[in-house]
Amino acid sequence: MHRYRSHTCGALRESDIDQTVRVSGWCHRIRDHGGLLFIDLRDHYGLTQCVADPDSPAFKDAEKLRAEWVVRIDGKVRRRPEGTDNNDLPTGQVEIFITEIEVLGPAGELPLPVFGEQEYPEDIRLKYRFLDLRREKLHQNIMTRGAIVDSMRKRMKEQGFFEFQTPILTASSPEGARDFLVPSRIHPGRFYALPQAPQQYKQLLMMSGFDRYFQIAPCFRDEDPRADRLPGEFYQLDVEMSFITQDDVFAAMEPVITGVFEDFAKGKPVTKSWPRIAYADSLKKYGTDKPDLRNPIEMQNVSEHFRGSGFKVFARMLEEERNQVWAIPGPGGGSRAFCDRMNSWAQGEGQPGLGYIMWREGGEGAGPLANNIGPERTAAIREQLGLKAGDAAFFVAGDPSKFVRFAGLARTRLGEELNLVDKERFELAWIVDFPMYEYNEDDKKVDFSHNPFSMPQGGMDALLNQDPLTIKAFQYDITCNGFEIASGGIRNHRPEAMVKAFEIAGYGEQEVVDRFGGMYRAFQYGAPPHGGMAAGVDRIVMLLCGTNNLREISLFPMNQRAEDLLMGAPSDVTPKQLRELHIRLNLPEN
């Protein structure tokens, strides 16, 4: 018999009754039923009930066991007594009568119990992550993550893609976040950077004559903590293709992502044919570029009904051309109590309030706005929005670029409060036609709005002759249930267009050459049209595991202060290490 096991803890069935077996694992739970000891033994594969009575030669050893001790158990498989089956376990019809126990690894007092799913402070969970990972739900999430990545790889290869590995040590480049820098010992005063994404390398692969690249790529960004992103690193399904259009990328990737979701959606419906929503339309309808399409509410511009009306606040605003009034329908929200609750919520979000109209059973509008604009305008708003008696509409006004984010929050809030969101489905969509540039209010300059390597719609002509803030890019995102899960674009593969695109964003040609020298040189020697995308593995896994916390699907994550509490990173290093790197610390005063 094998030194440690003849079977795993998830393997035994009724067909194994009367066999002598050996299992090894952790003591998951120990129960004393009046002299009868039950030990639930757990390993990676499952749970097996083991039992010892005073007649067992191993009874005294069994009495000494404690939770999470690692043991080897020998014994005979027998049928559980009638009425004690556990149908929640694959091994739930049998148990092992213990004849011998060997302690392989005793455990001290546990700072974090493994049995059960009690909530514990995050810092305790991260410091003792090896215990946390033994817990069933987190353990299963990690296994699901591995299976999702396997599904991605399989589907990419079925689409004719080939997996490559690109360098981890590379050059620093401006890609939207701070780099993690790695000092060079051989070249004092110079630094490598960990890649924020394999962007340049995957484009260089296309210029090297390869096609249909993919990689499950680690990416590193030195960003301030955010609720929807882990500090430090994340993984993406990185993709690039040659001689393709935007539609070709969509045709290749839609079945991959749809298939992965269908594999792990546990029967929840998944969008079959994805809608394509222009960025500007997404903002107007949903107040965000990552809409949750499970929420049926669509906002509309109702400015014409308030222009010159008796509601002077909105009427005066509309005298300025850039201002608008948007309506957010609230089906079923036509009660004074609900409207007042939404108004209070808006004030809690820093707004002066949230104007509303309710429609009574007779069809007449009610509320301060309705009283001010009169029944004719109120009826026209109701007709435009397709509302009925018992419904309401809420209004935001001013410069849309200033209020759009709040309008999106209000739409989300209404969908949740009115139970309009179907939580049991996955709604996927393409968001297209992103602006190439945006105005950076902090730096008072035009900046790239997304990927700086994207092709502008209209090409060089647009870069030379259009107002930069009106140029659209061949840039696209994939959204699911209110999350951006992928982003991509068709690349700018002509060197003169690349230089001009960066020039508009304030980078001179020499700076482009200095920062992107490898790619700039490659563009001089025949670059094919190419494009691709990157899908966030972590966010996809998070959605499919049904959690809102990325730490619940990551093996050894950092905390929100970018600290690895298990390994003690970031850590001090020795003076000798600093001398070898020619680094002298100049720390801020506390």
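Yeah, the Cβs are placed from backbone N, Cα and C, and that goes for glycine too.
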For the region 'Aspartate' entry in Swiss-Prot, name the matching range from 19-22, 199-202, 571-574.
199-202
Which of GLU158, GLU163, GLU484 shares the ATP site with ARG221, ASP222, GLU223, GLY536, VAL537, ASP538, ARG539 per Swiss-Prot?
GLU484
Restricting to the region 'Aspartate' (199-202), what is the model's mean pLDDT?
94
DSSP puts the residues of the region 'Aspartate' (199-202) at 4 helix, 0 strand, 0 coil
Against which stretches of its own chain does the region 'Aspartate' (199-202) lie, if we need a Cβ under 8 Å and a gap of at least six residues from its ends?
164, 166-167, 170, 173, 175, 213, 215, 238-240, 451, 453, 516, 518-519, 532
Of the recorded positions listed (HIS33, HIS450, ARG491), the greatest number of other CB atoms within 10 A surrounds the CB of ARG491
I'd like the number of other C-beta atoms within 10 A of the C-beta of GLY536 (ATP binding site), please.
23
Site with most surrounding Cβ atoms, counting all protein chains shown within 10 Å, from the binding-site residues ASP222, GLU223, GLU484, ASP538:
ASP538
DSSP, reduced to three states, assigns ASP222 (ATP binding site) to coil
Which listed residue (GLY83, VAL537, ARG539) has most other Cβ within 10 Å, given these are recorded positions
VAL537
